[in-house]
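Comments concern the structure below.
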Amino acid sequence: MSVFVTQLFNGLSLGSIMLFIAIGLAITFGLMGVINMAHGELIMVGAYATYVVQQFFAQYAPQSMDYYYVIAIPVSFFVSALLGLGLEKSLIRHLYHRPLDSLLATWGVSLILQQMARTIFGAPNVAVLPPKWLDGGVHVAGMVFPYKRLFILAFVAVSIFVLYMYLNKTAAGRRIRAVTLNRDMAACLGISTQKVDAYAFAIGSGFAGLAGCALTLLGPIGPTIGTYYIVDAFMVVILGGVGKVIGTVLGAFGIGLIGTLTEYSTSATMAKVITFALIIVFLQWKPSGLVSMKTRSLD
Amino acid sequence: MIKKNWMYWMFFLALFLAPFYLTEFRLSLLGKFLCFAMIAIGISLIWGYTGILSLGHGVYFGLGAYCMAMYLKLEASGGRLPDFMEWSGVNNLPWFWKLFEHPIISISSAIIVPVLLAMFLSYFTFRNRIKGVYFSLLSQAIVVVFVTLFIGKQEWTGGTNGLTNFSTVFGFSLSSPLTQIVLYLLTVVLLLSMFLFSRWLTRSRFGRVLVAIRDSENRVRFLGFNPTTYKVFVYSLSAAFAGIAGAMFVLQVGLISPAMMGIIPSIEMVLWVAVGGRSSLIGAIIGAIVTNGAKSFFSENYPDIWLLFLGGLFIAVVLFLPNGLAGVYQSVKQRKKQGEVRANEASSHVLQRVSRF
């Protein structure tokens, strides 16, 4: 029983990390259809932003070190969002009708960002010390649930809730959905699609930054952290189905649970192989993913 | 046309004569680049002509290379267990390794294994009408699967180090310059035959269907063709090219490891084709040679700048040169021709070619 609960918790925990790295993509890829291979590097930028905030606190306000993380969350969001905005305005704007080309160009961006991180922060990984109040865990019937994992679960739940409310309950969110559903009609009704594209992309990038901030709790970060996660992130969004945020949530927790269950019965490498193979097989059966938008169009 | 053919022949003649004017080191480098050019031809066929962007060609290249490398490793071990197997505590040669004691099985499987995988994968994906970016991302997932598998099954594949330390092939020493020259010439012959075959293919009726699939797959379907058959065939063909390239690569470089078939090399393969011109076969060959030449120059002299340069190259090619070097050549030629036509006051609209994509 306790083994089962622990595995379930590990699965949810892995799922929450998967979800975090994929929320941003659910907006930029799922809603807007842009293949942003630099998404992983936006995660990296968020992680390094957290690192910089921590260094800043250690330097100038060591007495309030415990609370640096509270500041780091918005900072990592805005740094990545600004970078994303710049990326959209300078590059991605020109490639909306050429998805395969945007894939290649953003891959180029990711290489440049990686090299810049290497130049600024050095090639070795840097460690971000998690705040003290996240040490330890909850003990229930001989099982330990670390605070860090619980915090990430809560963090991702809040993020998803905020994103859902934003997309469904605010005027700006409605505009994003309108442009997603029918770009030309939205433009006819007076929505500036260019503006919507820009801020939707910035928000997606901002969520990537938050993911980076959350990942610093789990281990050291390095310039290539993005490459490590990018394929996983795309798999989550494709498995979940594009166009609906709820699909991404299901996809992430599905991958998390399958991953931990196979890892429990085999090894870490085989778990990854089996999970990916299962996703590929599943997509053969349901090419549009778990939750799909109903459409009558041919392509 | 005759003039254009003449240039192709000059190019291949220059490659054939390379052993006379290049040092041993440069020749082995060029031989490596020509293996990459084989992959580039395949990618040009599927991407430039058919519109399938595969980010997984590293796998086919790697499988071909491993098939060849297993034979070489067994020959180098001379009847004993390969060294890495002893280190990982394997006592008997696994059954599938035994097959690779025969050179014919090993060489033919360097083609058959990648082709079978490509056929299996592409048949189901294309039949289920998974296309465009979805296919690209799925092919990337395949890369992750294989690289993880090859690293994880260390006792069978040599893990991260891959397979290396070969000595002979069919009894000839791999380190002797003569063997290397023979292998180089074999590479050129193979490249030339792949090029000629692909050129014939793209100019046939089959090639026109491929271009039609790229431009409007549904229309092709409505006209009564089955795009799946065409796509599976051309995808498997490009996998075969990549497999052959892998085998020749191992023979000349003497090393294959999972890092050479990973996500980054697979995307770099696409870049070679993008630089050369995606819908030009000769452009793909030149793109592979030029990009890799630049890579070895930069990474030898300025390793820090290389990634920046590579990233910038990706962006610049996509934004400014969608048809690559071949496109630049075409438009320069066209401008010249148009100038002449204007001078003759003839109509120029026939020559105005619309560049697609």
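Each Cβ is built from the backbone N, Cα and C atoms, and glycine gets one as well.
As annotated by TrEMBL, transmembrane segment applies to B:6-22 (among others).
Sequence-distant contacts of the transmembrane segment (B:29-49) (same chain, at least 6 residues past either end, Cβ-Cβ under 8 Å): 15, 18, 22, 57, 61, 180, 183-184, 187-188, 190-191, 194-195, 198, 201-202, 207, 210-211, 214, 234-235, 237-242, 244-246, 248-249, 252-253, 269-270, 272-273, 276-281, 283-285, 287-289, 292-293, 296. Here TrEMBL flags B:29-49 (among others) as transmembrane segment.
The transmembrane segment annotation in TrEMBL covers B:104-126 (among others). Through the fold, the transmembrane segment (B:104-126) approaches residues 59-61, 63-65, 67-68, 70-71, 135, 138-139, 142, 227-228, 231-232, 235-236, 238-240, 242-244, 246-247 of its own chain, all at least 6 residues removed from its boundaries and within a Cβ separation under 8 Å.
Under 8 Å from some Cβ of the transmembrane segment (B:132-151) lie the Cβ atoms of residues 52-56, 58-59, 62-63, 66, 121, 125-126, 157, 159-160, 258, 261-263, 266, all in the same chain and six or more residues away from its ends. Sequence annotations record features per position, and here TrEMBL assigns transmembrane segment to B:132-151 (among others).
Outside the transmembrane segment (B:181-201) by six or more residues, the chain places 12, 15-16, 18-19, 27-28, 30-31, 34-35, 37-38, 41, 44-45, 207, 241, 244, 248, 251-252, 281-282, 285 with a CB less than 8 A from a CB of the stretch. Residues or ranges marked as transmembrane segment in TrEMBL: B:181-201 (among others).
Summarising the annotation, TrEMBL assigns transmembrane segment to B:232-257 (among others).
The annotation transmembrane segment is assigned in TrEMBL to B:269-290 (among others).
The transmembrane segment feature in TrEMBL is assigned to B:305-329 (among others).
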### Task
Determine which residues of the chain contact the transmembrane segment (B:305-329) at the Cβ level, with the cut-off under 8 Å and only residues 6 or more beyond its ends counted.
268, 271, 273-280, 282-283, 286-287, 290-291, 294-295, 298-299, 355, 357
